[in-house]
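Colleague: Before I ask anything, here is the structure I am working with.
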Amino acid sequence: MSRISSQLAGTLGLFRLGLRSGWLGVAGTILLVAGLITAVAISIDSLFSNLAERQQYEATLGESPASQAFNGRGYGLDTIGGITAYEVGFLGQLLFPLLAVHLALRHTRREEEAGRTELVTATRVGRLGPLAAGLLIVLFTVTAIGILTFAGTASVGLPLAGAGWYSVGTAALMLFFASLGLVLGQVAQSARTGYLAGLAAVTAAFLIRALIDGSGWDAVWASPLGWFAEFRPFGEPQVWPLAAFLVSAVVLVAGAGAIAVRRDLGAGILATPAGPERGRASLGTAMGLSWRLNRTAILAWSVTAILWGGVFGILTQEMAELVEADPTVLEALGVDSGSDVVTSLAVVVICLAATATAVQGMGRLISEESSGRLGTVLATRISRKRLWLGWWAVVGASAVAVQLLGCMALGLVSWAVLSESAAFSTAMEVGFGYAVPVVFVAAMAALLRSIGSRWSVLGWLLVGWIATVGFLAETLQLPEWARGISPLHLVGQLPQDELNVAAVLSLAAAGGALLVLSVGLMSRRDLAAG
Amino acid sequence: MRKSLSENLVQAQGLVKTFGAFRALDGLDLHVAEGEVHGFLGPNGSGKSTTIRALLGQLRLNEGQADVFGLHPWRDSVEIHGRLAYVPGDTSLWPGLTGGECIDLLGGFQGSMDSQRRDELVERFELDPTKRARAYSKGNRQKVALVAALSCDVELFILDEPTSGLDPLMESVFQKVIAELNREGRTVLLSSHILAEVEALCDRVTIIRSGTTVSTGTLEELRSGTLTTVEATTGHRPAGLEGIDGVTDLQYEDHPHGVRIRLVATHAAMPQAVAAVTAAEPTDLVVRPPSLEQLFLEHYQESGPGVGAAEPAGGES
C-alpha cells in the first residue's frame with residue numbers, strides 16, 4: 001500500500017497547479033455544458049408551454065427516425081424536460097464527450113509533451129501523480145457541471161427529480177469520456193494523436209448509436225452514447241446507465257494507471273518506427289509542406305464526413321417509410337420528401353467537418369510560427385506570400401474535398417437504399433451549394449490567423465456557431481442577424497430553400513477580399529519567433 | 001579599418017528595434033566583409049538574435065539602415081534568402097518527420113542544396129536520418145539544421161549559436177567544415193558564446209551589449225587596446241623602463257639571481273618595453289596578453305563604448 005501512496009506523492013500539488021494553469025479551460029468547459037443545457041431548457045419552456053403543442057412535437061419530431069438518429073431516443077417528450085433533453089441531443093452528444101476527452105488530454109499528455117511533467121516529476125512527485133492529478137481535475141469539472149446543470153435546469157422549473165437525473169447523467173457521460181481521454185493520454189505519444197483517436201471514438205460511438213436509434217433496433221447498450229438517453233430522466237428514470245458509466249470509467253482509469261506505472265516518461269506504448277532517410281522533392285514546396293503536415297487531419301475529417309454521409313444515407317429509407325405511412329409529417333416538417341430532412345441535417349454535419357478541416361489547417365500554422373519552424377522555412381528563398389497562399393490553397397481545397405466526399409457518400413447510399421437517382425443529385429447539389437460558404441470560412445480562418453495566434457480561436461467559434469444555427473436556431477429562437485453570422489445560413493437552408501445565388505456571389509467576393517487582406521497582413525508583420 | 005561598401009555583404013547602421021517599451025536594438029552597427037568569418041558576440045539578451053532576425057526580414061526595423069548583398073532585408077527578403085543559409089540557435093523540427101525529411105524539406109525550400117554534400121555531411125556529423133525528429137536530442141536537432149544549411153551552395157551562412165548542444169567531437173567537425181567553406185571564399189556570420197570556437201574561426205568580431213555595438217575589429221585589434229602583463233627575471237635592473245610612455249604598474253623585487261620585474265604595458269609600448277627588458281639579459285621572460293575570456297568579460301560587464309576597443313563603434317575608417 002505504501003508503494004501506491006508513494007507513487008501518488010505530489011498529486012494534490014499537481015492538481016492545484018493544473019487548476020491554476022488551466023482554469024480557463026476548466027471554467028469554459030463547465031460553463032459551456034451547463035450553459036447550453038440551461039439555454040435550451042429556457043427556450044423550450046417558452047416555445048412549448050402548453051401540452052397540446054408538446055404532444056404534437058412528440059407525434060412528429062419524436063417519431064421521426066431522422067430526428068431520433070441525430071438526437072438519440074426521446075423519453076417523456078410530452079414534458080418540457082423531455083423535449084429539452086431531446087433537443088440538446090445532437091450537439092450535446094458530440095460536444096460533451098469531445099470536451100471531456102480534450103480536458104483529460106490537456107491535463108496529462110499535453111503537459112508531458114511540453115516537457116513540464118519531466119520537470120515536476122524530477123521533484124518529490126510519484127509516477128502516478130500526474131495521472132491522478134488529471135483525474136482529480138476531471139472529477140472536479142464533472143462535479144461542477146452536474147451541480148450547475150442541476151441549478152440551471154431546476155431554476156427554469158423542470159421537476160427536481162428529472163433535473164437531478166439529467167445532471168447526474170451528463171456528469172457520468174463526461175466522466176466516462178474523460179476516462180477514455182486519460183487512457184488515450186497514456187497510449188498516444190503526442191496529444192494530437194490522442195485528440196484524433198478521441199474524435200474517432202466519439203464519432204464511432206455516435207454513428208453506431210445513430211444507426212441503432214434511426215433504425216429502431218433493440219440494442220441501446222451497444223454505444224455509450226445510447227446509455228445516455230436511457231437514463232430517461234424525464235420519463236421513468238433507470239439506474240443501469242449510471243452503473244454502466246461508472247464501472248466503465250473505473251476500468252478505464254485503472255487501465256490508464258496500469259500503463260502509467262509501466263511506461264517510460266515521455267513515451268507512449270505505440271512505438272514510432274524509423275522513417276524514410278530522405279524527403280520527397282515535393283516536401284520542399286509550400287503546398288507539399290502544407291499537405292504533409294495537414295494530411296493526417298485531412299484524412300481523419302474525410303473519413304468522418306464519409307461515415308456521416310453513409311450512415312445518414314442509410315437512414316433516408318426509414319424516413320421515406322415514415323412519410324409513406326403518414327404524409328402529413330411532410331407538411332409538419334416543411335419539406336418535399338422524407339430524404340430531404342435527412343439530407344439537410346446530415347449536410348450541416350458534413351459542413352462542420354469541412355469547416356473544421358479549414359480552421360484546423362490554418363491553426364496548424366500557430367505552432368509552426370511559435371516554434372520558429374515557420375521562420376526557418378521563410379529564411380529560405382520562398383516568399384511569405386507564396387508560402388501563405390500555397391498553404392491556404394491546400395487547406396481550402398481539402399475543406400471542399402471533405403465537403404464533397406461527405407455529400408457524395410450521403411448521395412450514393414441514399415440512392416442505393418431508395419433506388420432514386422434524384423437523392424444523389426440532391427445531395428451533390430447541396431454539397432456544391434455549400435462549397436462557397438466553406439471556402440469563405442477557410443478565408444476567414446486565414447485572416448484571423450494572419451492577425452495573430454490569439455485570434456485563431458475565433459475560427460473555432462465560427463464553426464461552433466454554424467453548428468448551433470444549423471441545429472438549435474429554432475430551439476434557441478435566435479434572431480435573424482445572429483443566424484446570419486453562419487455563412488451556411490446566408491445561402492439558404494438546403495435542400496428545402498432555393499440556393500440564394502446573390503448570397504453565394506457576395507460570400508465568394510468577401511472570401512476573396514479576406515484572403516487578400518490576410519496576405520497583406522502576413523507580409524507586413526513581424527514573425528513571432530524564428 | 002572598415003572595408004568599402006561593395007565588399008561588405010552585411011551592412012547595418014544604427015539599427016533600432018523596439019518591442020513595446022523595450023528597446024531590443026538601440027543603434028546597433030554590424031559590418032560583415034565578403035570572405036570573412038565574422039564573430040558576433042554579446043551576453044544573453046543583448047540583441048544578437050534580434051539583429052539576425054531583422055537581417056532575415058523576419059522583423060521590421062524601427063530605424064536604421066540594413067542591407068544584405070546590397071539589398072533590403074524586408075523588401076527583397078526572398079532574393080536575399082536565395083543566397084544565404086541560416087541555422088537558428090534553438091532548432092525546432094517537425095516532430096513527425098524524420099531528420100532526413102527535415103533536411104530535404106529545408107533544402108527543397110532553399111533550392112540550392114547539393115545532395116552529395118548533404119550525404120557527406122550526414123556522415124561526418126554522424127546523424128541517423130531515419131529517426132523521427134521528436135526522438136532527437138538537442139544536439140541532434142542542431143545537427144539536422146547544420147546539415148541542411150551547410151550543404152547549400154550559398155555565399156553567406158548566418159549561424160545563430162549553431163553549436164549549442166553539440167559534443168566536443170562534433171564541435172571540432174563543425175569547425176573543420178566552416179574552415180573549409182571559408183577557404184572556398186564563403187562568408188560566415190557566426191553568433192557564438194564558445195570563445196575557443198570564435199578564436200579558432202573568426203577573422204573579425206563584433207561585440208554588442210544592450211542592443212548597441214561596443215566594439216568591432218580583428219582579435220589582434222581588440223587586444224591592442226588592452227594591457228599586456230610582462231614578467232621577467234633579469235641579471236640587473238633594466239634602464240629606461242620608467243621613461244617609456246604606456247608602461248605602468250612597474251615593480252622590482254630583489255631575487256637571488258638578479259631582479260624580478262613586473263610591469264603592465266599598452267600595445268604601443270610593448271616593443272620598447274620588451275627591448276628594454278631584453279637588454280638587461282633576462283633569464284626568463286613571460287609576456288601575457290589578456291585572455292579572450294578577460295577581454296569579453298570586460299566588454300560584457302560594464303565597459304562603455306570605446307574602452308579597450310580597437311575602433312569606436314561604427315567609426316568611419
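Cβ from N, Cα, C; glycine included.
Just so you know, TrEMBL annotations are computer predictions that nobody has curated.
Pulled the feature table from TrEMBL, pasting it below:
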type	residues	note
TRANSMEM	A:21-44	transmembrane segment
TRANSMEM	A:83-105	transmembrane segment
TRANSMEM	A:125-151	transmembrane segment
TRANSMEM	A:163-183	transmembrane segment
TRANSMEM	A:195-212	transmembrane segment
TRANSMEM	A:239-261	transmembrane segment
TRANSMEM	A:297-315	transmembrane segment
TRANSMEM	A:341-366	transmembrane segment
TRANSMEM	A:387-418	transmembrane segment
TRANSMEM	A:430-448	transmembrane segment
TRANSMEM	A:455-473	transmembrane segment
TRANSMEM	A:501-522	transmembrane segment
Colleague: Using a Cβ cut-off of under 8 Å, list the residues of the same chain at least 6 residues beyond the transmembrane segment (A:83-105) that approach it.
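Modeller: Same-chain contacts beyond the flanks: 25-26, 29, 32-33, 36-37, 40-41, 44, 48, 54, 57, 61-62, 67, 70-72, 74-75, 77, 134, 137-138, 141-142, 153, 158, 166, 170, 173-182, 184-185, 191, 194-195, 198-199, 201-202, 205-206, 209, 225, 228-229, 233-234, 467-468, 471-472, 475.
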Colleague: Which listed range (A:21-44, A:195-212, A:297-315, A:430-448) shows the maximal number of Cβ pairs under 8 Å with respect to the transmembrane segment (A:455-473)?
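Modeller: By the under-8 Å Cβ criterion, the transmembrane segment (A:455-473) pairs most with A:430-448.
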Colleague: For the transmembrane segment (A:21-44), which partner among A:125-151, A:163-183, A:297-315 gives the most CB pairs under 8 Å?
Modeller: A:125-151
Colleague: State the residues, same chain only, that lie 6 or more residues beyond the ends of the transmembrane segment (A:297-315) and have a CB under 8 A from a CB inside it; answer 'none' if no residue qualifies.
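Modeller: Residues packing against the transmembrane segment (A:297-315) from afar: 65-66, 69, 196, 199-200, 203, 207, 210-211, 214-215, 291, 342-343, 345-346, 349-350, 353-354, 356-357, 360-361, 364, 398, 401-403, 405-414, 416-417, 427.
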